[in-house]
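These notes concern the structure reproduced below.
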Amino acid sequence: MKLGRFLENGREQIRNLLLNASTVSSAPSFSFVSGNESADLDSCASSIVYAYCLQRKQLGRIVVPFFNIPRKELRLRPELSYLLNLASISSDDIVFLDDIVKLPKRIFSNPIYLVDHNSLDRKDLENFNGSIAGIIDHHKDEGGSLHADPRIIEECGSCCTLVCRYFMPVIRSLYDSKVSELHQTATNLAVLALGPILIDTGNLKNEKTTDTDVKIVNDLCSFVPKDWVRDEFFDTLKEKKKSCKGFSFDDLLRRDLKQYFPDGIVVNYASVGKGLDWIKKKRLGWEDELKSFAEVQNSDLVIVGLSLSKNDEFGRQLILYKRTERGAGLADSFLKLSKQNLGLEIIEEKDNGDLSMWNQRNSAASRKKVVPLLMDSVKQVASK
């Protein structure tokens, strides 16, 4: 089955289920595949590659990947739309979060496979918590779902690397097939997977890059056309990802956002690919938008991780906004515990310290590295 047809079939099955939810007493057997709630290139590509390859093994089930964001938020990710188009995928054939949350409750007993996360943080999906059947991830192991098969959690530049390594025999068999549409599907899967792997590893040049990433990229490159140029592909995708044209600061916060609920504290952690000077110059109402965002999200604490390049040097900054006393307690504990580790240096404080901006000298510490420090800070608050 062509990749596009596979996705279209899953979307049709979900649509039919939604239209007939009140009249149909039974439903087909589903398997769901979901990335994390940031819905970045890695999560979305991983979910599609995993789902298509899983379908080759689970012929009796309908395997449905879904993007863990509302459909309307796809517009905030031009790099994702661009990559989908390169892989001959129509966004109309993608299932989104707002499709899933409307499903009858009985559907959530079907198995779900997690990629690019190893627990379900989004409350909208908590009905799936007893149904986690498999995990492939490259974040810190949270220790749950020990029964999952596979349960692959290891450090790597991109989750898509681990997904492709696991399913490489399937992808290779598709490419070697004499059926032209299967051969083409292998090429489309390879292009789709190469996007996040190259973006997350800086074209295999940054500190996140592992030997596994390099090997899988070499394998995948053998499935793409000979005139495909890796550097050009990476540069175009990077430019799409960096583009902020037409986006408000609120849009930028939602573009790569994760929510955490440690000890009942609501933390929103956004990653924005711009520095503080750019934000102050280009998004004049950013402080009001940040506070409004925190209000709408009912956040106790908002963390904004900024990344910037200056004179070809990569750097990071942090913005902390403490909306509530509980958020302030967590932020203060986090700063006390992590200030030295992250190399945090204050730039500016406002609103009696509720809004603070920091340079982060430890530029290797992305959100993936900062979140475990944040969780350790929760334990400090709880023990007081």
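Every residue number used here counts from 1 along the chain in the order it is shown.
Including glycine, each Cβ sits where the backbone N, Cα and C put it.
A coil conformation is recorded for Asp116 (Mn(2+) 1 binding site) in the three-state DSSP classification, outside any helix or strand. Neighbours of Asp116 (Mn(2+) 1 binding site), defined as other CB atoms within 10 A of its CB across all chains, total 31. As annotated by Swiss-Prot, Mn(2+) 1 binding site applies to Asp40, Asp116.
Residues annotated as Mn(2+) 2 binding site in Swiss-Prot, with similarity to another entry given as evidence: Asp42, Asp116, His138, Asp200.
Across the structure, Asp116 (Mn(2+) 1 binding site) and Asp42 (Mn(2+) 2 binding site) place their CA atoms 7 angstrom apart. The number of other CB atoms found within 10 A of the CB of Asp42 (Mn(2+) 2 binding site), across every protein chain shown, is 26.
Compared over the binding-site residues Asp40, Asp200, the count of CB atoms lying within 10 A of a residue's CB peaks at Asp40.
Residues near His138 (Mn(2+) 2 binding site) in space but far in sequence (CB under 8 A, at least 6 apart, same chain), listed by position: Asp116, Ile153, Glu154, Glu155, Cys156, Gly157, Ser158, Cys159, Thr161, Leu162, Lys368. Taking CA atoms as the reference points, Asp200 (Mn(2+) 2 binding site) and Asp40 (Mn(2+) 1 binding site) are 10 Å apart.
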